[in-house]
Amino acid sequence: MGGDNAGPPTKKMKADDDVVLNLAQHHLCLVLDYGSQYTQLITRRVREIGVASKLIPGDASLERIKSFNPDVIILSGGPNSVHVEGAPQLSAGFLEYVAEKGIALLGICYGMQLLVHTLGGEVKVGVEGGEYGRMPMHIEEGSELYGNQTSNLQLVWMSHGDECIKLPPGFDAVAKSQQGAIVAIENVKARMYGLQYHPEVMHTDQGTETLRHFLFEIAKLKKTWKMEDVLEQLMAKVAAKVGPEDHVICALSGGVDSAVAATLVHKVIGDRLHCVFVDNGLLRYKEAERVMKTFKNHLHLPVTVIDDSERMLGRLKGLTDPEAKRKAIGSEFIDVFREFRSKMEKDLGHRPKFLVQGTLYPDVIESMPPPGSDQKHSHTIKSHHNVGGLPKDFDFDLIEPLRELFKDEVRALGRLKGMDVPEAFITRHPFPGPGLAVRVIGDVTEGDRLEVLRAVDEIFIDTIREFGLYDQIWQAFAVFLPVRSVGVQGDQRTHSHVVALRAVTSGDGMTADWFPFDGHFLKEVSTRICNKVRSVNRVVYDITSKPPGTIEWE
């Protein structure tokens with residue numbers, strides 16, 4: 001435990017409902033989430049460095065925190081002010097527990113302010129109105145937190161309105177902003193550290209190096225998080241859950257997540273896995289045909305295709321609210337799988353009780369935000385149809401082997417020897433579970449909206465490939481807007497549809513920047529769309545990053 005470990009600890013970990021991986025086999029960094037838009041990046045960055053990390057709500061009980069037996073704890077940022085009534089606080093006995101176990105503790109942004117406030121320091125509203133964006137800071141000589149970093153002047157990402165004006169006993173200020181605000185603190189004896197800025201974001205110079213130094217040099221952890229070990233653990237987890245005669249249904253979407261999940265489970269249980277691909281009427285142009293060809297030629301998994309398009313679109317008719325659409329789609333999917341299960345029971349004489357889904361960590365985070373369902377410190381972004389969109393009477397036992405992994409980790413898993421998921425799947429842009437339903441704003445069944453969107457999307461993606469840009473982009477797609485625009489085509493006035501194009505770069509989908517197409521590309525793709533899709537006379541390009549926007553429009 002704590003900072004004196006020479007190798008991975010042997011831990012006794014209490015069962016936890018959302019634990020998929022056996023984290024007891026790793027040094028563990030526990031991240032307490034107080035609602036920052038960047039919290040998930042902390043978890044991901046720590047894993048990139050080679051340390052297992054787990055994100056739990058900031059208001060988790062001390063008993064739950066203890067159940068993970070963490071080696072390091074990071075307190076995340078958040079939108080609250082520690083000096084305001086009702087602001088999130090540390091659990092009773094938390095600091096005593098950390099001191100007793102010798103656990104290295106790092107507070108980031110709100111987390112640093114929470115440490116200072118709880119230990120008797122003072123936090124107030126910044127006199128200059130706060131610090132936001134990329135700003136310079138100056139590091140004091142000889143600090144343990146910055147170790148051997150050679151540059152005393154670094155540009156870091158700030159996002160705070162409050163600042164610490166008085167430190168608790170035993171703490172030293174080891175870095176200050178250009179405005180003079182304290183932005184890094186340490187109490188070496190107590191093994192407590194704080195950063196007022198965000199080291200986890202790419203805009204911070206030496207941010208990853210600072211986290212690496214904290215984890216390996218200060219906390220004395222070992223690099224134990226490797227995808228080969230993760231694969232072994234996930235397969236063991238599936239083997240332990242699925243009995244030797246149990247049959248399993250897998251929901252395939254054609255994307256990398258479900259393909260990797262299916263391949264992993266198939267390696268464990270073989271032909272007792274029954275994959276289902278549902279054509280729900282919300283797929284892209286020739287999607288079902290293309291996906292099935294790839295399944296047959298490359299994955300070699302048994303796949304049953306079910307055409308549910310008519311029933312799905314009937315269920316969506318008249319729905320305009322994004323959450324209502326997502327939940328309706330989730331319910332319809334489950335109905336399809338129930339019917340498939342009943343057919344299998346008749347054919348096999350055995351009733352499958354398990355359903356495999358390619359749910360990822362960001363899906364869980366966005367659908368069930370920390371800390372807790374009462375949404376004290378952050379809010380639900382959207383319900384994912386396979387998480388928050390599941391019906392209350394859901395009667396499958398879920399197998400979600402990728403539930404604690406990010407997209408880039410899933411891709412790395414799929415490339416491992418023995419998995420051998422085709423590169424065509426690995427590099428494929430993400431496609432949302434609800435399909436085009438979240439790319440048609442409003443009622444998806446109205447008029448020719450889906451047909452128009454499919455045509456526009458096909459032209460957009462083809463043009464991206466033609467220009468050699470596909471692999472530089474995380475995700476690209478078109479959006480049908482519920483407005484019409486006046487235009488001139490063929491010397492005649494038109495009153496036609498408007499479509500938006502969206503393309504983003506990202507590492508994990510938690511944050512994203514819009515892709516900077518040059519003017520030549522934008523002119524070419526706009527011309528092609530308006531010429532080939534006669535019912536469209538205006539094309540716009542979305543230049544919104546995440547945050548403030550999400551990648552999908554709904």
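Placement of Cβ uses the backbone N, Cα and C atoms for every residue, glycine included.
These features come from TrEMBL:
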type	residues	note
BINDING	Ser253, Gly254, Gly255, Val256, Asp257, Ser258, Ala259	ATP binding site
DOMAIN	225-426	domain 'GMPS ATP-PPase'
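Structure coloured by features recorded in TrEMBL.
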residue: Ser253; record: ATP binding site; Cβ contacts under 8 Å, 6 or more apart: Phe277, Gly358, Phe431, Gly433
residue: Gly254; record: ATP binding site; Cβ contacts under 8 Å, 6 or more apart: Phe277, Glu287, Arg290, Val291, Thr294, Arg428, Phe431
residue: Gly255; record: ATP binding site; Cβ contacts under 8 Å, 6 or more apart: Gly358, Phe425, Arg428, Pro430, Phe431
residue: Val256; record: ATP binding site; Cβ contacts under 8 Å, 6 or more apart: Gly358, Lys407, Val410, Arg411, Gly414, Val421, Phe425, Ile426, Arg428, Pro430
residue: Asp257; record: ATP binding site; Cβ contacts under 8 Å, 6 or more apart: Gly358, Thr359, Leu360, Leu402, Lys407, Val410, Pro430
residue: Ser258; record: ATP binding site; Cβ contacts under 8 Å, 6 or more apart: Cys250, Ala251, Leu252, Val356, Gln357, Gly358
residue: Ala259; record: ATP binding site; Cβ contacts under 8 Å, 6 or more apart: Leu252, Leu299, Gly358, Gly414, Val421, Phe425
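Compute the center of the Cβ atoms of Ser253, Gly254, Gly255, Val256, Asp257, Ser258, Ala259, which mark the site for ATP; besides them, the chain residues with Cβ within 8 Å of that center are Leu252, Val260, Ala261, Gly358, Phe425, Arg428, Phe431.
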